[in-house]
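Quick look at what Swiss-Prot lists:
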type     : residues                       : note
COMPBIAS : 1-10                           : compositional bias 'Polar residues'
REGION   : 1-174                          : region 'Disordered'
COMPBIAS : 30-39                          : compositional bias 'Basic and acidic residues'
COMPBIAS : 49-67                          : compositional bias 'Basic and acidic residues'
COMPBIAS : 100-114                        : compositional bias 'Basic residues'
COMPBIAS : 121-143                        : compositional bias 'Pro residues'
COMPBIAS : 145-156                        : compositional bias 'Basic residues'
ZN_FING  : 193-311                        : zinc finger
BINDING  : CYS236, CYS239, CYS257, HIS262 : Zn(2+) 2 binding site
DOMAIN   : 363-706                        : domain 'USP'
Amino acid sequence: MAQVRETSLPSGSGVRWISGGGGGASPEEAVEKAGKMEEAAAGATKASSRREAEEMKLEPLQEREPAPEENLTWSSSGGDEKVLPSIPLRCHSSSSPVCPRRKPRPRPQPRARSRSQPGLSAPPPPPARPPPPPPPPPPPAPRPRAWRGSRRRSRPGSRPQTRRSCSGDLDGSGDPGGLGDWLLEVEFGQGPTGCSHVESFKVGKNWQKNLRLIYQRFVWSGTPETRKRKAKSCICHVCSTHMNRLHSCLSCVFFGCFTEKHIHKHAETKQHHLAVDLYHGVIYCFMCKDYVYDKDIEQIAKETKEKILRLLTSTSTDVSHQQFMTSGFEDKQSTCETKEQEPKLVKPKKKRRKKSVYTVGLRGLINLGNTCFMNCIVQALTHIPLLKDFFLSDKHKCIMTSPSLCLVCEMSSLFHAMYSGSRTPHIPYKLLHLIWIHAEHLAGYRQQDAHEFLIAILDVLHRHSKDDSGGQEANNPNCCNCIIDQIFTGGLQSDVTCQACHSVSTTIDPCWDISLDLPGSCATFDSQNPERADSTVSRDDHIPGIPSLTDCLQWFTRPEHLGSSAKIKCNSCQSYQESTKQLTMKKLPIVACFHLKRFEHVGKQRRKINTFISFPLELDMTPFLASTKESRMKEGQPPTDCVPNENKYSLFAVINHHGTLESGHYTSFIRQQKDQWFSCDDAIITKATIEDLLYSEGYLLFYHKQGLEKD
């Protein structure tokens, strides 16, 4: 009789499975048949359990008889029944290989249950002996945990000695995480050998020595000398900071920020793939984009750290720290300072730090390449009170189609930057760029003249400030009310007197500065002594005493005989006659700039005049006015337009030139407050004394009217 199997189907499907190959039967026959089926099923179960228990003891393994085939029929709700082909029962036979690590589990046989028809009560099945309990299955083998990559440094022993490969998929099996490779490594001791870039680095020469030096000097710095060296040297070569996770390149001398990606840019540019973290000593691979572990590198770091700790705890101080740093770890007896001396490093020093000389508006300027001539002029301009008030109050109205090319707008930004309160030096690259655009003769990184730059920047500012004059220049071209003309423009009167009829021809020209000849120049010394025209003129030439600024002004305003070779046509006598010329100041500017002419050309030779010129802190310009000259001609009467103290000036800036014509440097002295002077050398600003100021050589002198000054 065929074995009965029951397969559960979804409810409501209308299909039921019946074992055997017959059709319908009477109820009595069905009950009798069900009882026999129960007895057969119980016997088959008992025999099967006994046979499987015997098979487990057999050596070698024997084959199990195949299970009998059965024909299954299905019947639908319509009463049609069809016979399905017999399907062998799938089970683990003895012919299939069994895993040698575990014993085969006994497969329980399906129990036959009687399916009674509705309305019939089946008799209870006869009692059967319970089958013996199957042996307990062995516990499942522990499944190895997949290793998750970590950005921390691996410790020896806590993880496999070799990490996953850089690419992650060794055999191209589609396992980018490298889990299969790692399982091979754990089970059979195979798998990846670590970062290939580290292996390539280890092929090079002296890599161990260089790595030890990096760990010794910049990572495990335990002595005061190494800490000082690390504080001075370990700064980013791009942003000059040491707070953004510094890394050191293992292929060259370069420190870069990891947070700001400066070390990444270096690695990409130089193709240097490895760097060491200077705080933890771990190695980062830029190709793998992860921290990598290497047994040899880890051993070097461990030995270096233990060496330094052993030297720190040693009590011997016979060997100096310098020997330790240069020994290369070959001298095992080298020691350094004891740990007991370290608390002395944190004790306050007896000497106090110098008080900062910082004041608002006093800010250094970066030299962009032979731009010291520009920096000193900018320092002088930014300390003019009226000019400062104009730019800080944003009174400029730009009418240019491209405001980025307006020099007045850039000067406004420069004033705001100088008076922003920042102590870091300012970089005036935009100002330099605009000067190159609007004054092409100053373009380039050649050495330039500070006086020439002053005239150029005033001219460009004047042209870009025409709209600020309120339209007065459109009505009168000779009258401009821009901020540059209000501050710097003065009136220079030239009187030419005919020697025949004594008629005077007067001309008044605007001027932004006054250029003064010096004793020792070609304009002042005797032309009959050509041997005096050497490359350098001493301070004692021509004048027995020390010449002063007042002497130069008197020479500038003296009557000058033009001679027979420079005859001019007189408007009165209508003939060419010899004449005399005298220059005086018709109008005094608010800021008077005096240019001492220290550079001159003698034929094909250029030279610098080093004659010392003394200059006062306060200057009275009354003797050099045109009204003073007229009053002298009227028998000593006081000037008609002279007001007491109106013509007095105070010195507030001095620009000096150091060196020769071919190679020189410009610096400046700036008065920040009354009697407080500072020396400005590009980005370096130091406090200066009045003696330092007055004993300087002087090239450009800036004076401000006392009545309009603001201390």
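Cβ coordinates come from backbone N, Cα and C, glycine included.
If you take every residue in the domain 'USP' (363-706) and average the pLDDT, you get 83. In three-state terms derived from DSSP, CYS239 (Zn(2+) 2 binding site) belongs to neither a helical nor a strand segment and is classed as coil. Sequence-distant neighbours of HIS262 (Zn(2+) 2 binding site) (same chain, six or more apart, CB under 8 Å from its CB) are CYS236, HIS237, VAL238, CYS239, GLY256, listed in sequence order. Residue environment of CYS239 (Zn(2+) 2 binding site) contains 13 other Cβ atoms, counted within 10 Å of its Cβ in all protein chains. Counting only same-chain residues at least 6 apart in sequence, those with a Cβ under 8 Å from the Cβ of CYS257 (Zn(2+) 2 binding site) are CYS236, VAL238, CYS239, THR241, ASN244, ARG245, LEU246, HIS247, ILE263.
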